[in-house]
Amino acid sequence: MAVAAALLLLLLVAPAAYAVQHIVGDRSGWTETVDYSDWVRGKTFTVGDTLVFNYGSSHRVDEVTRSDYTNCETGNAIDSHSDGNTIVTLSKAGTMYFICPVLGHCSSGMKLAVDVVATSGTSPATPSTRSGSSTPSGATTVVNNGSILGFSLVLGVVLAIMS
Ligand SMILES: [Cu+2]
């Protein structure tokens, strides 16, 4: 039982330490009055993190190509959402582009480009701070790289014990 408890603890603690949920526009949400190029500044978006778009029924969220983002071109969305609380998982490294496809909204600022970095630790925007930290970044990287496989294994073991 102690083993199961320890595994459960690991399962609960580990994802919280690495996956970050980014509330797009913070308290303003997904709207025409936020400068999203300003909002992304200084933030690090890592594979596995999520974007949360909160918006009213007058808006939508389309994931688009770079070209459609640049030109505010609608109609070719890679993915489209209109539920008002859209959660997008950043599944791979690279830039992801989002616009609101409602007429005029993209051109008035409802456009978001997010640079997603891999979890390898080679990112130029390494998450900051303390040099004498109790969690050396090397160790963090190792855990992080194996995290998905690790969680699957842990989940499997926990389920096996509990069943
Ligand atoms: Cu809109």
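Just so it is clear, glycine is given a Cβ too, placed from its N, Cα and C backbone atoms.
TrEMBL annotations: computationally assigned, not manually curated.
As written in TrEMBL, here are the features:
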type	residues	note
DOMAIN	20-118	domain 'Phytocyanin'
SIGNAL	1-19	signal peptide
TRANSMEM	142-162	transmembrane segment
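Confidence annotation: the domain 'Phytocyanin' (20-118) carries a mean pLDDT of 97 in the model. The DSSP breakdown of the domain 'Phytocyanin' (20-118) into helical (H, G, I), extended (E, B) and coil residues amounts to 14 helix, 35 strand, 50 coil.
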